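Worksheet: the structure to be examined is printed underneath.
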Amino acid sequence: MLGWVQRVLPQPPGTPQKTKQEEEGTEPEPELEPKPETAPEETELEEVSLPPEEPCVGKEVAAVTLGPQGTQETALTPPTSLQAQVSVAPEAHSSPRGWVLTWLRKGVEKVVPQPAHSSRPSQNIAAGLESPDQQAGAQILGQCGTGGSDEPSEPSRAEDPGPGPWLLRWFEQNLEKMLPQPPKISEGWRDEPTDAALGPEPPGPALEIKPMLQAQESPSLPAPGPPEPEEEPIPEPQPTIQASSLPPPQDSARLMAWILHRLEMALPQPVIRGKGGEQESDAPVTCDVQTISILPGEQEESHLILEEVDPHWEEDEHQEGSTSTSPRTSEAAPADEEKGKVVEQTPRELPRIQEEKEDEEEEKEDGEEEEEEGREKEEEEGEEKEEEEGREKEEEEGEKKEEEGREKEEEEGGEKEDEEGREKEEEEGRGKEEEEGGEKEEEEGRGKEEVEGREEEEDEEEEQDHSVLLDSYLVPQSEEDRSEESETQDQSEVGGAQAQGEVGGAQALSEESETQDQSEVGGAQDQSEVGGAQAQGEVGGAQEQDGVGGAQDQSTSHQELQEEALADSSGVPATEEHPELQVEDADADSRPLIAEENPPSPVQLPLSPAKSDTLAVPGSATGSLRKRLPSQDDEAEELKMLSPAASPVVAWSDPTSPQGTDDQDRATSTASQNSAIINDRLQELVKLFKERTEKVKEKLIDPDVTSDEESPKPSPAKKAPEPAPEVKPAEAGQVEEEHYCEMLCCKFKRRPWKKYQFPQSIDPLTNLMYILWLFFVVLAWNWNCWLIPVRWAFPYQTPDNIHLWLLMDYLCDLIYLLDITVFQMRLQFVRGGDIITDKKEMRNNYVKSQRFKMDMLCLLPLDLLYLKFGVNPLLRLPRCLKYMAFFEFNNRLESILSKAYVYRVIRTTAYLLYSLHLNSCLYYWASAYEGLGSTHWVYDGVGNSYIRCYYWAVKTLITIGGLPDPRTLFEIVFQGLNYFTGVFAFSVMIGQMRDVVGAATAGQTYYRSCMDSTVKYMNFYKIPRSVQNRVKTWYEYTWHSQGMLDESELMVQLPDKMRLDLAIDVNYSIVSKVALFQGCDRQMIFDMLKRLRSVVYLPNDYVCKKGEIGREMYIIQAGQVQVLGGPDGKSVLVTLKAGSVFGEISLLAVGGGNRRTANVVAHGFTNLFILDKKDLNEILVHYPESQKLLRKKARRMLRNNNKPKEKSVLILPPRAGTPKLFNAALAAAGKMGAKGGRGGRLALLRARLKELAALEAAARQQQLLEQAKSSEDAAVGEEGSASPEQPPRPEPPAPEAPAPEPTAPEPLAPEAPAPEAPAPSSPPPASQERPEGDKDAARPEEHPVRIHVTLGPDPSEQILLVEVPEKQEEKEKKEEETEEKEEGEEARKEKEEE
């Protein structure tokens, strides 16, 4: 039934061997299968069933007789009772019954949660003596049981093999362990002289670990031999079962209460082995166990195998191991019975976390001090027995390994000292954190003494030679700010208090694996030390690591990761003398590198059946998160992350293995890559610093220079949202595609019909369509007003043409109706300052207005009376009431007409004509009323009735006279009314006509009055006639060009916004083209436009003169100006046209240049815009960016003007002039002719003299040209960006006597005259140079060196003249220097001003 457990559990590597149990008097039984590292699921399974092959250890437990040391050690290990069970126990029971009872007891211990005993005395004792369960390699269940019981507990167990009373005592003991106990050190333990020598005081309560977990992991293992005295090196127990010591008899009620409490919290759940062993969630400690178990098997070949650690076994070890100042001893691996070598486990310090937990539990254990004293006594006795066994075994093994031990002592001596120092530092650091002083300080002192004693014992233990199975997790300290180096030190400390050889190897291994990117350096040394070291040190190291992680919580996921690491591990065969060490990171692959205060401890891997030495080292804190410090370790960690290895801990089996070599290569390559990256980054930083330095320097030199970060960027203008801009083009495209016309066989595209949509609302002030509509309405109104009286008075409407009259009448009515229903209903209006465009509101506004009433009256349907009274035109008189449309049309038309006064004159004339029209109609009606031709006054009916009547009306209204006198009363009244109308009304209209005409000529009148006043003023002061003529000319030109004398008068009444709009429309197109203002803020230019003044200059007027103070800048609006220069100041240097600007240098006042540098004269009538310096400064205050830009441009222009002129260097200057005496002699010789000439030599000399004279003349001319050019450049600086137009200038006259041909001429006859005409191929040097006034375009190419060749005095002799202008580089350099000087001076001036 229980056979499946055997298949699951690991098997021992060799045949059962005997352990030293002769003292106990029990026969050695076959060794149990090693189960030190069984996972939690194995322990759970063992609770249910145990393989029959594993004998019970109960009898051996009973047979064990513990001395005072043994009891002391057992007293030290009450929390480690299960650790003893986890260790390999020998087959101590010869009877099946004892085996079954032992198995049942173990199962119960596994099931029942075991609290961690936190009593300080027991912890110290466990740290000092490492309970016999841990120190004796062949420790039996009896010893395991006495770990926490009184001295009589083990004899009673030896006598009573039955588990009943023992089980009850064990329950009581474990209950006491779980309950808080007051920290008290038993005097028996204090009396022991070897307590302090065995190890440092455990600062933290290592007894908090569940002993249940230990019991679950080791149901039966070989029992250890009797302990040896403490004075000698205590050999650690061989792999045995560290059976939990029975607790002293306590209150059963407390036990039942505890059981009920634990059952309520949680029941242990079975765990699948494949997942690394999961422990109960209620386990007080879930830290992984790091154990170094030594198999005392055959020493032929040792394999380094990475085994999985059982968490329950590890927790048991945490309770019993003495690692990190904890009283717990690590579990002993299963030992072969043939070589029952007991290896003692050294105590280690407990991490700070465990100490804190101990403190919390110690506060709860105040009421159990007496019970602790009894357990302390038992532990002391157990420890004494274990020490005796250890010493005996050390003596036997010491003789064999003296030589090897001495060598290893020399190598590891230094390491031991370092370990001791670190242990002391850690103990001191932890001691500071402990809030409880007295008891804890004493425990630390005892722990340190124990460590020293253990080190002495380890010297002899190192001599032992046996195969080692090293299953340890080097758990780094769980400090938050711990670096990689501190982790390696902690790992080295794991074995420091144990066998120093092994500890040194483990320390070197951990340090090298962390700091050297886990290279293989020192691997052989570590392996040899591990192989040569005794199991005592190894077990101690594992115990320390167990203690480090003992107070940490263990998660199921972490256990699964540990089993995955187990799957990757494999044993490597090695020799006995040089065992190979396989080091792998069990969980670094899945753990982040960030610190965590309470990291879960690693899960102990199960032992492999192979005989091997395996060191499982988690490179990072297993299950913990590390927070790294910025040090070299960070770079190493970065290299690890970059390397192909998934884990930061590299596994190696031999120093020369290919894997290690590859790792070294990868580390080297990544290091080189990192160095290259760092170099690149440094170079980039240097470059950035240089750029910043240059910017700061430039800013200090020139304050106008601003960086992109400092200069405020103008906020972009907010654009109005465009309604669906993308949809319209698409629609337009569709419309274009649709408009195709097919005609016959051709298909061509036609223009689409324009779609006009009637507006929803109409602006009556600006809508031209509405004005056009009003024009039609006024036409209809005039039809009615003019023709209704005619049709009524004159007989022009007859039955033959009545239909035409009616057609026109009703057409006018239709226009009226459309105006009311369509247009007037859509007119916008203003209400409360808002323009109302709502249709309903507009309709309501029109309906409520006076105009609507008049429109309704004019459309009264009086035409229906035609049916009764006939067609009478007087019935249409209401149509004339639409006079409001007429007046509105007049206003709208005047607003859009450029010359409104013309329309006003026409309209006034129309009023006069209409009044005459009405009078003529009335006169015909009066004549018809009395009878045509009846009297002399009436119309006689001859000729055109309308024309005759109209003429009579004109004579009557104008009161010209000459009309016939009225005879009847009717005629007298009618004529009186006509006269009255003509005198009163008609005179008013004539006066209005005068006003209209006067208004039309008001400007001209003002111009005349101003001119007359000015002429009167000049005559009064007797101004010269020339000046008066120029003034009159100015008046006339200004009036004709502008239509007014002063534009500013018109702008005064307008608001600023309107003035700006007008100025933009008039002047912006000109100012925006000025190169000086390009790039400036647009708003600045707008503000500047309002400050511009328009001035007209007459021909030859001086705009500015050289040397005067410049306060204005000029922009040419129309006309031209000429820049004059030269020696006389009258040479035209350049002509500026419209759009050019000059005077800006003086205006900006850069470098103190406020004086004019040239004369500027108006060429013809010129209209200039003038910008005053004061106005510009006021504007630039609000635009600092534009100010800086303008100043830069002005400096550049000034620098160009002040450029040094190119000076030609004459390397071979011409010869000096001929002395006068020599000239006289030549003249005399010339007169002598051929006699003194010697074949024409004198003629040649005469020609040479003429050439020299020509050279002198050319030099003088060149001087004059250079002066002219200098003045011209100064004038060009004034012009700014003007487009120069060089007028044609007369070139300087060529020298009269150029040089002769360069080739030697033939000898001339004496009578031959001197050659007057020079050869064209050999002009003199001056003739080669073009005048400086010519532009560069006249010279196609400028050579750096100019060479001129002339004839010498001798025909065969030639003179070489070379001109070398200055180099361009030197020019640029000089320009830069001058620019820097100017900028520096300007910056200083500004600072002084500020």
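Glycine is no exception: its Cβ is also placed from the backbone N, Cα and C atoms.
Here the structure is a predicted model, which means the values were calculated and not measured.
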Next on the checklist: Please state whether Swiss-Prot assigns E378 and Y924 to the same topological domain (same side of the membrane).
Outcome noted: no
Checklist entry - Which stretch does Swiss-Prot mark as transmembrane segment, out of 932-974, 1147-1189? => result 932-974
Item to check | Spatial neighbours of the topological domain 'Extracellular' (794-798) far in sequence, C-beta under 8 Å, 6+ residues away | outcome: 805, 871, 873, 921, 924, 945-946
Item to check | In three-state DSSP terms, the structure that R994 (site 'Occludes the pore below the central gate') belongs to | outcome: helix
Checklist entry - Within 10 angstroms of the C-beta of R994 (site 'Occludes the pore below the central gate'), what count of other C-beta atoms is obtained when all protein chains are considered? => result 10
Checklist entry - Looking only at residues six or more beyond either end of the topological domain 'Extracellular' (923-931), which have a C-beta under 8 A from one in the stretch? => result 792-794, 938-939, 945-946, 949, 952-953, 956, 968, 970-971, 974
Checklist entry - Same-chain Cβ contacts of the topological domain 'Cytoplasmic' (888-900) under 8 Å, 6 or more residues past its ends? => result 764-765, 768, 770-771, 774-775, 777-778, 907, 1000
Next on the checklist: Please compute the mean pLDDT of the model over the topological domain 'Cytoplasmic' (826-837).
Outcome noted: 90
Checklist entry - List, by number or range, the same-chain residues at least 6 past the topological domain 'Extracellular' (862-872) whose CB is under 8 A from its CB atoms? => result 792, 797, 802, 805-806, 809, 878
